[in-house]
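Here's the structure we're looking at; comments come further down.
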Amino acid sequence: MRKHYTHEGLGEDQLAPDPIAQFTRWFHEADDSGVVEPNAMVLSTADAEGRPSARTVLLKGFDARGFVFYTNYGSQKGAELAANPHAALLFPWIALARQVIVQGRVEKVGRDETAAYFRTRPHGSQLGAWASEQSSPVDDREVLEQRYADLERRYPEGEGVPVPPFWGGYRVIPESIEFWQGRANRLHDRLRYLADPAAPTGWRVERLCP
Ligand SMILES: Cc1cc2nc3c(=O)[nH]c(=O)nc-3n(C[C@H](O)[C@H](O)[C@H](O)COP(=O)(O)O)c2cc1C
């Protein structure tokens, strides 16, 4: 299963001055080239002892402040982020021989921002957020279906569903963002932006060996 990468490279001269602009460019290119769910990213966290865990989540917004996803604050990832508010995000855009890795500190997004996003979700997803004690063991699927049915009776379609207090967004505030482009002969391009208050753009760029 050895694949030869023949893609065009990523040079320092092509990079946008800041990594969010560069991310925007690659994100649109991933979307335009038919990557399935280009906003799916692997979120890695670690517990207080440094034991890592990973799972896929969906990117729901990004700007100069960081990268936002939504989840259950009581989940395993939520518990880990409460103990150790640092994370990595990995976008595996394999069809383009690209990956982007973001590392940074994590903060909860404000309740207003969470509520505004929650209101855009389909009714069923809103109820699903209430029905699931994410990452806790459950006896069987029936329990979940029953909880969902009870919620449907309480909040029929068209009725406003309150935002679960245990559910909301996190923002990963980037300290570094690496752009990886596969190239021939395993001489891949790896350009990493590092937050640097002394740099004119607030970022400096270094090239890493592949
Ligand atoms: C494509 C895809 C997208 C997902 N998006 C989310 C998401 O945005 N938020 C979320 O909480 N879980 C999402 N999940 C489920 C998570 O991968 C995971 O099972 C769940 O968050 C529990 O993780 P934890 O027990 O490590 O906290 C997604 C899974 C897949 C495969």
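Including glycine, each Cβ sits where the backbone N, Cα and C put it.
Where the annotation comes from TrEMBL, it is an automatic prediction and has not been curated.
Features of the protein shown, as given by TrEMBL:
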BINDING   Arg2, Lys3, His4, Tyr5, Lys60, Tyr117, Arg121, Ser125, Arg186, Leu187, His188  substrate binding site
BINDING   Arg55, Thr56, Val57, Leu58, Leu59, Lys60, Tyr70, Thr71, Lys77, Gln99, Gln134, Ser135, Trp180, Arg190  FMN binding site
DOMAIN    35-150  domain 'Pyridoxamine 5'-phosphate oxidase N-terminal'
DOMAIN    167-210  domain 'Pyridoxine 5'-phosphate oxidase dimerisation C-terminal'
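Overlay of TrEMBL annotations on the structure.
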residue : record                 : Cβ contacts under 8 Å, 6 or more apart
Arg2    : substrate binding site : none
His4    : substrate binding site : Ala184
Arg55   : FMN binding site       : Val42, Leu43, Lys77
Val57   : FMN binding site       : Ala40, Met41, Leu43, Phe69, Tyr70, Thr71, Lys77
Leu59   : FMN binding site       : Asn39, Ala40, Met41, Phe67, Val68, Phe69, Leu89, Phe91
Lys60   : substrate binding site : Asn39, Val68, Phe69, Tyr70, Tyr117, Gly169
Arg186  : substrate binding site : Pro210
His188  : substrate binding site : Tyr5, Trp180, Gln181, Gly182, Pro210
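In sequence order, Ala129 make up the list of same-chain residues 6 or more apart from Arg121 (substrate binding site) whose Cβ falls under 8 Å from its Cβ. Residues of the domain 'Pyridoxine 5'-phosphate oxidase dimerisation C-terminal' (167-210) grouped by DSSP class, helix first, strand second and coil last, total 3 helix, 27 strand, 14 coil. In this structure, Arg2 (substrate binding site) belongs to neither helix nor strand by DSSP; it is coil. Residues from the binding-site residues list (Arg55, Gln134, His188) with a C-beta closer than 6 Å to any atom of ligand 1: Arg55, Gln134.
Gln134 (FMN binding site): 15 other CB atoms within 10 A of its CB, across all protein chains. Other Cβ atoms within 10 Å of the Cβ of Trp180 (FMN binding site) number 21 in total over all chains. Site extent for FMN: among the recorded binding residues Arg55, Thr56, Val57, Leu58, Leu59, Lys60, Tyr70, Thr71, Lys77, Gln99, Gln134, Ser135, Trp180, Arg190, the largest C-alpha separation is 36 Å. In terms of local Cβ density within 10 Å, Lys77 ranks first among the binding-site residues Tyr70, Lys77. Residues of the domain 'Pyridoxamine 5'-phosphate oxidase N-terminal' (35-150) grouped by DSSP class, helix first, strand second and coil last, total 40 helix, 43 strand, 33 coil.
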